[in-house]
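K.L.:
Here it is, the structure in full.
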Amino acid sequence: MVHSQLPVAAPLRLLCALLLLPLATMIPGGLSPRSVTDPDVQEAAEFAVQEYNALSANAYYYKQLRIVEAQSQVVTGAKYYLTMELMKTKCAKTTGKPKVYKEIQNCELPPKAQQEKLTCRFQVWSCPWLQKIELTKMSCN
């Protein structure tokens, strides 16, 4: 009697495993593509530009040209993975109060021959209910 149940049990287990396979590939906390026009993505991008300028040793501000790609990950809050193009402006960093994002975006660009464009990858963590936002990773080239 045991032998007659084995052939049925094995295919049944295989069928169950195959049915559960799509669920196993949808891992909580995985990366999801986001629209570059999404308001949350825009907010994370603005923060990344401000932080880049605050941390950069460059004497001039860089402004956002465009968001190339955006992804997010659900963590405690949300983590945004952004690929962005930044351009060096004519606005010099001076001592005193640093410029905010909107002021930086209004800075003029140098003539085409003198323009310096960067492609940057930023990771921004946002937790709105704690009113926290942090730049967790940055690399530009």
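The first residue you see is number 1, and the count goes up from there.
The backbone N, Cα and C atoms fix where each Cβ goes, and this holds for glycine too.
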K.L.:
Looking at 63-67, 73-77, 103-107, I want to know which stretch Swiss-Prot calls motif 'Secondary area of contact'.
P.N.:
73-77
K.L.:
For C140, which disulfide partner does Swiss-Prot record out of C120, C127?
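P.N.:
Between C140 and the options C120, C127, Swiss-Prot records the bond with C120.
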K.L.:
Could you give the residue numbers and ranges of same-chain residues that sit at least 6 residues beyond the motif 'Secondary area of contact' (73-77) on either side and whose C-beta is under 8 angstroms from one of its C-beta atoms?
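P.N.:
Sequence-distant neighbours of the motif 'Secondary area of contact' (73-77): 28-32, 125-130, 132.
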K.L.:
Take every residue in the domain 'Cystatin' (29-129), average their pLDDT values, and give the whole-number result.
P.N.:
97
